[in-house]
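Inspection log for the structure reproduced underneath, given as structure tokens.
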Amino acid sequence: MPSVQKPMRYGHTEGHTDVCFDDTGSCIVTCGGDGDVRIWANLDDDDPKSINVGEKAYSCALKNGKLITAVSNNTVQIHTFPEGVPDGILTRFTTNANHVIFNSDGSKVAAGSSDFMVKVVEVTDSSKQKTFRGHDAPVLSLSFDPKDVYLASASCDGSVRVWKIADQTCTTSWPLLQKCNDVINAKSICRLGWQPGSGELLAIPVDKIVKLYKRETWESQFDLSDTFITLPLNVVTWSPCGHYLAAGSVDGSIVVWNVETQECIERMKHEKNYTICGLAWHPKYKHIAYTDTEGNLGLLENIGDGRKADDKVASEVTKDYDGLFDGDDDDDDYLNGDMIEPQSSPKAGANEDDDDDLMPTSGPLRRAVIDDDDNSLDIGVIKASSSLLEKEDDDDDDDQTGGFPALPPSSTQQPFYDGPMPTPKQRPFQSGSTPAHLMHRFMVWNSVGIIRCYNDEQDNAIDIEFHDTSIHHATHLPNSLNHTMADLSAEAVLLACESTQELASKLHCIHFSSWDTNKEWTVDMPKDEDIEAICLGQGWAACATSALLVRVFTVGGVQREIFSFPGPVVSMAGHGEQLMIIYHRGTGFDGDQCLGVQLMELGKKKKQILHGDPLSLTKKSYLVWVGFSAEGMKCLHEQEGRVSSCARGGLGNTWIPVCNTREHCKGKSDHYWVVGVHENPQQLRCIPCKGARFPPTLPRPAVAILPFKLPYCQVTTEKGQMEEQYWRSVVLHNHVDYLSKNGYELDENVKSQSVKEQQELLMKLFALSCKLEREYRCVELADLMTQNVVNLAIKYASRSRRLNLAQRLSEMAVEKASELATAPEDEEEEEDFRKHLNAGYSHPATVWSRLPVRNVQQNQEVEDAEEADACEEAEETPEVHKQRPNPFSKSVTSAEVTTPKSAVIASSSQGRVNPFKVASNKKDPVVPSANVLDTMTKYSKKTSLSGSRAVNKQSTPVIKPLIPKPKSKQASAASFFQVRTPNSSEKTVEEREEKAGNEPHEVQIAPQENTENRRPKTGFQMWLEEHRANILTDNPGLNEAEVIKEGMSRFRLLSSEERMVWTEKAKGGTGGAVNGLAEDKKRKRPAADEEEVKKNQEEKLEASNLSKKPKPSDQSANARLSAFAFKPS
């Protein structure tokens, strides 16, 4: 009688399910994730007895009228059987037990737990316990030696151990399994088994084979395998006689071997390919009960009873096959015996037979594939007819040892494909929803609200809750049509249900924002057309159907566009006028999905943005969420944790990974469930799920906020961090232009703030590259900067004595200025687009003809700083008779926007001027110039405050530090008497100069400041400047006042002649340091004092003009940039 696979039936809720027979085999006992133990008289029992043992039951064992269960309260309980009366707690763990078993006589129970411990307990006296410690991860499974000498255990730490029960020691250990941190992450639960009776062999499922180890020697005897097994084995079990071994895999395959002959006698496939997690052999008959991870129970009867008929066919056929091989002994052995089922042996390796259910035994014999052993044969396809063999005798001579006969194709040959396997296509899903089979589930959770569905014995209803109750109040709806899909917007609720035998698939909309009284409408789909995905936008609703059609409706119920798409839909999303459709472009291979995306705008100007472009996913991943950010950016979340967004600017519609939720998960079984994305602020809103991929409806889950982080290299370094921050800011601030284009009113501060942040990061990277002497990198960074920040970089490069870099940057500044000068010509071509774009701004928009607000503010700030500084850095150049352009001037002025003035650079014959200064004349023409540094003049070192800087004695230009000018008497002390070190003295002065120049109140006290600036230095000031370092060396920790006080006391100790020398030096106006005296004599210029007076007069005039200028509202960012750029290294 051939084997029979009976239809499976529902036993428990989804989750791990265990199964066993009672001692006589009169009933089947199962336990599952619902916490119930069910006793089935047979598979057709429609009313099994149910015993509730806890919230969840992980494992059960039955012997001698005692039912042992491992439940979720971390205990191992005992019940009477079949009454189900609780009989106490056998033992406890700190976490739940994963497997419980009886020994052969039922006197002991072994239990393995997730707290890494194994316990053996006497059933009659639970106080007699033995604990086995040694595993480094949760215990997966256990098996008692039939002789009660040994106990085998498998663990998530990858090891299988054999313990000696008497002294609780580990006899041997094999590293056979893949390591993981929890049972839920294990590829296999590795239910191992000891051979009944003698206990000679221990069977361990390892990947796709079963390894058998011999008792006492603990050496591997042989492996059992079959090419019918394509995924790892999960569980093995021995027949009571010990002659047969059955194994179940994670893809639903069940294989039975005859252990003595090492041949496969049975193959069976789960009807839905669910993971086999429980196997039990009937104590009397050749029946196997099995369970899967979805809670179903099945039965396989009459195992191996159909073998004799197969043997007869095989014996008749093998006589005609003697000449097919070259006389190999292995081949002869292979052909002797049962040939219908390929033989499995340690020599021949794993052999496979095609599915028995699909191949009749009287037809052509199936192909045997031997792939485990390098020296084995593949005999190709064995023909059942001798006439076919006679036709192929000529080809037999070409056979080689270790090869296979070159059989020509024939109508009886079975095709054998050994290439990449196609990937099952991902089913349609609604973003923000939990699986539809749950009784309590989320139908959608998005940025507007939450829709829950309850489908239990008490109620079948839908609850709608809004995050902002001002949109609408919470609503409770009956779910009489059994809606399974939902979407929610600020205008409407969209529901859909699948078709039934009586009813068509329906689309139901509740337009709660409507001003009329009829707020609901329903549309029936045509016959045999099911809705598979739905979404809502601004003023429209859409659904994708099984007929590969997208149907668009107005939110009031008017049918709009209908169009087809190329493949089965995966998901849809809507935002504003945008509709995004994800679908299957084709069949993926090796676990990869082959998805495409279409994006279209359904507004007044309808257009398609993405035309079925391939969707980028990580390898062997699938989608779990698709949608838009609150600002309208396309986003998706993959099962592997990567969140990607489709960038609007830059390289166009490219997908950029912006976050990886796996980096924030504490355990491998933890996940994040995305509910929303925001670009401003940069946030990923999601729900942490402990040990699951989706949250339960109760208790209400809490929303966590994860930051965005682009996967740039070396983000642990300062350079990598700033690069990641800069490009993240660039990618995630493109929404401003998009929203303005679509008519949204925006605060311009948002744009200016993002530009401000980006330019600060670029300037920091520039300074870091300067310190690392990466000048080419500096130029690359400057190319990304705005005009004003380039000029700031030029100043930084000049003061860092990198004149070549400063020269190149100045050329770049001229190029940028010329580009801005030609911008008005391009404006005319873009006029219509600019008008459309500016429609969403709340002020007159001149953004296309001028720099961003950030640049206008920096322009004014740089001007203030330079006028306050009276900068003395310059180069000797020929007279310049042409006026220089102002790189920051606007060609279009507006009364509502602060407008910087056009710059006029006077010729060098009129005296030295500031190359970055913006003059007050608005009507001055813009004339290009060759170099920003051209108007700098070389000054003697006598006019420099610091004498410690090395002087280049050749004729190359030397940029001198600025002379600080006190703002008051107290400020004077703070400016002149700063802590100085040989390496950072100049930078300290420069930094304070820049900070002082960028303060808004500088202009208001400019007259008093200029009055004090004309005072000559005193002899004491010059003496203190020279001896300041010695004072601080002798007295570390002094503040400014104490340094001055100590300096005065030391100055008084000098002789009158020495004090007179210092006084005379001060009156001479050299302004140099003592150690630079010799060089001062060589390079002294008689006209230095006159030029100093002339320069102060010019500064006074500039300061008076500056005080009349409108001040920009925000100068703090430029002040911070300047402070950073010139701070001591």
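Using N, Cα and C of the backbone, Cβ positions are placed for all residues, glycine too.
Among the features that TrEMBL reports, repeat 'WD' is placed at 9-40 (among others). Remote same-chain residues near the repeat 'WD' (9-40) are listed as 48-64, 67, 69, 71-72, 79, 81-82, 84, 189, 277-285, 287, 289-299, 437 (criterion: CB distance under 8 Å, separation of at least six residues from the stretch ends).
Confidence over the repeat 'WD' (132-173), given as mean pLDDT on the 0 to 100 scale, stands at 91. The repeat 'WD' feature in TrEMBL is assigned to 132-173 (among others).
The repeat 'WD' feature in TrEMBL is assigned to 236-267 (among others).
The region 'Disordered' annotation in TrEMBL covers 320-371 (among others).
What TrEMBL lists as compositional bias 'Acidic residues' is 323-335 (among others).
Summarising the annotation, TrEMBL assigns region 'Disordered' to 386-433 (among others).
Taken from TrEMBL, the feature compositional bias 'Acidic residues' applies to 391-400 (among others).
For 859-908 (among others), the entry in TrEMBL reads region 'Disordered'.
Feature annotation from TrEMBL assigns compositional bias 'Acidic residues' to 861-877 (among others).
What TrEMBL lists as compositional bias 'Polar residues' is 886-908 (among others).
The region 'Disordered' annotation in TrEMBL covers 959-1018 (among others).
Residues or ranges marked as compositional bias 'Polar residues' by TrEMBL: 969-986 (among others).
Annotation comment: TrEMBL describes 987-1002 (among others) as compositional bias 'Basic and acidic residues'.
Among the features that TrEMBL reports, DNA-binding region is placed at 1013-1067.
Per TrEMBL, the feature domain 'HMG box' maps to 1013-1067. Counted with DSSP, the domain 'HMG box' (1013-1067) comes out as 42 helix, 0 strand, 13 coil.
Annotated region 'Disordered' per TrEMBL: 1064-1129 (among others), in sequence order.
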Across the repeat 'WD' (9-40), DSSP yields 0 helix, 15 strand, 17 coil
